[in-house]
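> A single structure is presented below for examination.
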C-alpha cells in the first residue's frame, strides 16, 4: 500500500446544507487524515481554471456557475491509497447510481449538484492540490 495525498472539494450544495462535518467524519473514519483545509468562494476565473479540461463540454458553463454559487471547502486528504479510498467514499458521480452509504448517495441531489469532488489519480491530485494550496499550507500528520 502507498501513502498518498488526494484532493477533495465539498461543493456549494453540501456546504449550504451544513454537511461539512459529516463528510469530514466519513473521511476520518475511513482512515484518511485532513492535512489542509480551507473555505473559499471560487471566482469565475478560479473555477474556470480548475475545470479547464471540461471547457469544451456542454455542461461547462453550468458547472462553473454552480461552483461559484456559494463557498466550498477545499481539502487535502492523506492516507493509504487515498485517491481510491476517497473515490470509494464519494460513490458514483451520479447519486442515482451511487451505492448506499456513500457521500453522494447520502448528500447529493443530482448529477449536477453532487456534493463532492475528488481527484481521479495521484497525478491529478498533485495538480489540484497545488492549484489551491502552497506547500507550507500542507501539515504533516505524524501523530
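Glycine is no exception: its Cβ is also placed from the backbone N, Cα and C atoms.
A quick note: this is a predicted structure, and the numbers were derived from the prediction, not measured.
So Swiss-Prot lists the following for this protein:
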- 11, 59, 87, 93, 104, 114: ATP binding site (BINDING)
- 117: active site, pros-phosphohistidine intermediate (ACT_SITE)
> Cα of residue 59 (ATP binding site) to Cα of residue 117 (active site, pros-phosphohistidine intermediate): how many Å, rounded?
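Distance (Cα to Cα, whole Å): 16 Å.
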> Would you please pick out, from the recorded positions 11, 87, 104, 117, the one with the fewest other Cβ atoms within 10 Å of its Cβ?
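The recorded positions 11, 87, 104, 117 were compared, and 87 has the fewest Cβ atoms within 10 Å.
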> Let me know how many other Cβ atoms fall within 10 Å of the Cβ of residue 59 (ATP binding site).
12
> By the DSSP assignment reduced to helix, strand and coil, which category contains residue 87 (ATP binding site)?
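Its secondary structure by DSSP: helix.
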> What is the one among the binding-site residues 93, 114 whose Cβ has the most other Cβ atoms less than or equal to 10 Å away?
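Result of the Cβ crowding comparison: 114.
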